[in-house]
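If you check TrEMBL, you get these features:
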type	residues	note
COMPBIAS	518-527	compositional bias 'Basic and acidic residues'
COMPBIAS	549-571	compositional bias 'Acidic residues'
DOMAIN	81-159	domain 'Anaphase-promoting complex subunit 4-like WD40'
DOMAIN	410-512	domain 'Small-subunit processome Utp12'
REGION	515-571	region 'Disordered'
REPEAT	189-221	repeat 'WD'
Amino acid sequence: MVKISKTMVKDFSLFSDCGRYFVYSSQSGKLKIWDTISGTLKQEYVPNLHLNSPCSSLSWINLSSRVNSPWKSKKRKIEEDKNLIALGTSDGFVAIFSLSEGKIVTKLEGGHSGAVTGLGWSREAGLFSSSHHEVVVWDISSKQIKSKWKSSKGNITCICVSDDGEFCVTGSHTLQLWDVKLKKLLKTYTGHHSEVVSLVFINKQYFLSCGSEDRHITVWSTKDDCDESLGRFAVGESIKNGISIFENESTLHLCTSTRNGQLIYFNHQLNGKIGKVIKPLHTVEIIDDHSSNILPVTGVKMSSESMVAIAYGHSPFFSFETLDITNLKKNKVTFTRKDKHLNKVLSNKETTKDTDDQAQYVSYGNRKNAGDVAMEERLGNLSIGNPVISDKYSPYNLSNLLTQGLESKDRSLLESVLFRKDPQVIAETVSKLPVSALAPLIGQLNTMILGKTFPSIVGCMWLKGVLRQHSSQLLANGSTSALLASLQALIESRLAVLGPLRGLSGRLDHIISQLDSPQDHSPKNEDSVLFYQEEDSSDERESLMLDGDGSESEDKWEELSEDQLDSDEAS
């Protein structure tokens, strides 16, 4: 099976062919492998090249047990190892990881000038890899190129090979069927509106395809002259992690997982053209019994006609189960399970010591060496459930927690890191982030800035730190252009109303200050600016009626004649 990348950096998850192991490659470049029977993390590997050459495609390789010449020890070791993982990188080479040795055992170089966009495996023909316009067939033991050819139409986004290695299908917006031996284009199929991200051969007669934005899986034929699709399986949502099939007496059992975290199962007998769109027989959803949140199905594997192995939950706390899909009574079934992420801390016994109140210690049982503790257990023992933010920090730890939160999309973990306002903490944490974490971080900051009050404020502070530290990487990464464009539009729209808002704020402050100031209505004694008094004409008359000593004389008053009085008034 093949797992193909739509973008250069993304998460990959895939079951092995036997279903025993589950591999997960995160955006940070870490490769983690679980044993699905015990549910424990078996391997965790961080390649030295993970920052410069992130994983762009992933595929399991199941080699035969044949042994070649005894003097070629390395060649024999590779041949005897039945569980290998091929990792396509953005630098154009393919790395082969050995599960038994826990390291990269060989590199296939010189085949591609650009990023490896797809990988396919055939036990008979070997390993196939594709870049934008090239297909390369490798001999893993000798690390040599067996054959190579170019595709004429579109950038190849995925590749798939038939079991016998006779046919090969490459996908872009169109599909091309190739004769591997002759390197000849046999047919071209059209019908996808988005780039193809998943391809699976049913047998030499049919193959399946699905686009990145398609809500259906399309069936195609390799034998008929008709290049039109035979039919469609209605998924209802774009798929997330590839397609798994199982054939039994010409009956096709098909399952896949969607972006909303559901498991979709189909059962159909292929026999020529399908008249109607095939609807799913069962839809399975898993929710947390505590919070009722969906635990997304991240991987599926059809191990038989009735049994489906699934991986669900959030990284790195995946859970694994095997469902008997044929015994389900209803079309849509919901299971309740416990979220490992929420219950991991509670599963360990806490002990107290005389130290800082904010520190927590967890006992690991009777272990001789602390290094024996598994990585997922150590992460689970961290006190990341408490949203209280401490001023004591380590920038390296904060960058790891932030990367982990972006991978698992854990809201409480993201808030514990991103709700810090110290510019020095922000600058040091951002400087230690891997380049692959920048795109999801900007997406998270975009969501925060769209909010109000405190999240918007701290989101702007973190965005400022990211732009200062990683401006060159952001300009070189085309996947961040859309996120930065939306942020630019948001910032411009808010700056347009900044001036009127400041004016309104000033007026409101003035009104509030007037309302809050004390008012005294008592009268105040103030000196008059102007005083005016009208003269009384009676004063003049009083002066006439006074005698020499100032006293009034009745005799004089009586002796005054009327003519004298009239003359006095006239004067």
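Any Cβ shown, glycine's included, is placed from N, Cα and C.
Taking H, G and I as helix, E and B as strand and the rest as coil, DSSP gives the repeat 'WD' (189-221) the counts 0 helix, 19 strand, 14 coil. According to DSSP, the secondary structure content of the domain 'Small-subunit processome Utp12' (410-512) in residues is 90 helix, 0 strand, 13 coil. Secondary structure of the domain 'Anaphase-promoting complex subunit 4-like WD40' (81-159) per DSSP (helix as H, G, I; strand as E, B; remaining residues coil): 0 helix, 42 strand, 37 coil.
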